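This report concerns only the one structure given below.
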Amino acid sequence: MSLKKQAVSSMIWTFAQQFGTQLITFALSVILARLLLPSDFGTIAMFTVVMSIASALVDGGMSSSLIRSAEVDDRDLSTVFWFNMVMAMAMYIIIFFTAPLIADFYKVEILTPVIRVYSVSIIIRSLTAVQSTRFVKAMDFKTLFTIQLPSLIIGAVSGVVMAYSGFGIWSLVFYPIIQSVVGGIQLWFYSKWKPLLIFDQAKFKEHFGFGYKMTLSGLLDTVFRNIYTILIGKHFSSAQLGYYNRADNLKQLPVANLSTALNKVTFPLFAKLKDNDVKLKEVYQKLMKLVIFVIAPVLFIMMVVAEPMIRFLLTDKWLPAVPYLQVLALSGILFPIHSYNLNILNVKGRSDLFLKLEFWKKGLQIITLLVSVPFGVIGIVWGQVIFSVLAFFINTHYTGKMLKYGSMHQILDLMPIISLSGSIALIIYFSDHFYFHNWVDLPRLLVLSGLYAAMYLGTVWIFKFKEINYLKDLLKK
């Protein structure tokens, strides 16, 4: 299969995997949000930073190293596998004994047993990381989709049954564990790969040499990405954190999932083009414009319909999340572009520059946080918008040098789509304000979304935006 056909096939199956599974996850979250309290979700969110840090340390950036390496053998894979397993066990022991300290920090007593049980998933995932990486490296996303779908369905059903049975917060703890176990069994079955009793120090140094920089970058990003959750959880109620967390999850539904799906495909694709800067820039530019073509209108319409959407899906008890969602949606528009620019550094093997950029950005993030915290939760989310814009200029610094495709060139490519999406959102907002605001939620949602889609697609068709041709070509293939 040619590289082009392989990329298209991989992208289609990755989208199927990412959005198919997220559709189920979204449906599950809606059901659980109706059954459980905002404070339950806030309590779970309080220790997500701990889980994220542990997961990053367990992998050590070695999965990325395996993907970018031209050739890997059983010695590479086995070395990474045993490292992951030992690190996972060490992380679990540390988390088990520090759980009471975390609970005391937030003044939430139930966190201690919740953290100790939930953290078992770290060990489970460490046993399947290499198997999953092998499929990603081979761009075999069809098999990954086949594995992930049934495990997600089984986990989702178990979570809903527990919630209906009155288990409360524990339904949020056990369903991801069940999902990981079912998925892990399938990964071992489909992979056919088993680790050897080998730990090659030379292989370890090779992968760790690249991976530790990625890990440090990932840790920085994890801590600072969750610092909003930490601050809100510490200084505000668990319910307030639940509102923020639910708004952020709704924003992440299109943003993170589209970015994750594309990154799974583009990282190995870019890796194969890393020595051809002209072709790499061409592919990068097309994909960047295509992702903004899709993500910008979705986020802008989400801002407009946030109130009826949350009330219809989650009931009135979640309405305090509306202003958070509207602002967070604005901050998410540039998120895929951040990922793309950093992916260029990864495939070029410049994890040192990746780490350098992360230090710059974290310093900037601290400043925006210090300025925004006194204004409450809404001030914190507006600070995220400002930081996202400033981070764009930092992330494009080295991409501009390597591919001669800097921030101003990228802005010129993106502004027509973003401006169009925002302008139509304003029209729909005023239409809603004057004509539809008294409608029942579901018809209001359908009419506003339909009007937006018709105006957006009609405009890009009339003015012959190239992105619609990219999308049509992708769908045809």
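Even glycines carry a Cβ here, placed using N, Cα and C.
Quick caveat, the model's predicted, so the values are computed rather than measured.
Database features, via TrEMBL:
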TRANSMEM  12-35  transmembrane segment
TRANSMEM  41-58  transmembrane segment
TRANSMEM  79-103  transmembrane segment
TRANSMEM  115-132  transmembrane segment
TRANSMEM  144-167  transmembrane segment
TRANSMEM  173-190  transmembrane segment
TRANSMEM  290-310  transmembrane segment
TRANSMEM  322-345  transmembrane segment
TRANSMEM  366-394  transmembrane segment
TRANSMEM  414-430  transmembrane segment
TRANSMEM  442-463  transmembrane segment
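The transmembrane segment (173-190) is in contact with the transmembrane segment (144-167), judged by 3+ CB-CB distances under 8 Å for residue pairs 6 or more apart in sequence.
Nonlocal intrachain contacts for the transmembrane segment (414-430), taken as residues 6+ away from its ends with a CB within less than 8 angstroms of a stretch CB, comprise 288-289, 292-293, 296-297, 299-301, 303-304, 333, 337, 448, 451-452, 455-456, 459-460, 465, 467.
Remote same-chain residues near the transmembrane segment (442-463) are listed as 293, 297, 300-301, 304-305, 308-309, 312, 420-421, 424-425, 427-428, 431-432, 436 (criterion: CB distance under 8 Å, separation of at least six residues from the stretch ends). Residues 33, 84, 87-88, 91-92, 94-95, 102, 106, 108, 110-111, 114-115, 118-119, 121-122, 125-126, 129, 169, 172-173, 215, 218-219, 222-223, 225-227, 229-230, 233, 237-246 of the same chain lie 6 or more positions beyond the ends of the transmembrane segment (41-58) yet place their CB under 8 Å from a CB of it. Here the transmembrane segment (290-310) has long-range neighbours at 250-251, 254-255, 258-259, 262, 318-319, 321-322, 325-326, 329-330, 332-333, 336-337, 340, 414, 417-418, 421-422, 424-425, 428-429, 432, 441-442, 444-445, 448-449, 452-453, 456, 460, 465, 467-468, 470-471, 474, meaning same-chain residues at least 6 beyond its ends whose C-beta is under 8 angstroms from one of its own. For the transmembrane segment (115-132), the partner stretch with the highest count of Cβ pairs under 8 angstroms, out of 79-103, 144-167, 366-394, is 79-103. Packing against the transmembrane segment (366-394) from elsewhere in the chain are residues 227-228, 231-232, 235-236, 240, 243-244, 247, 323-324, 327-328, 330-335, 337-338, 357, 360, 407: each is 6 or more residues past its ends and has a CB under 8 Å from a CB in it.
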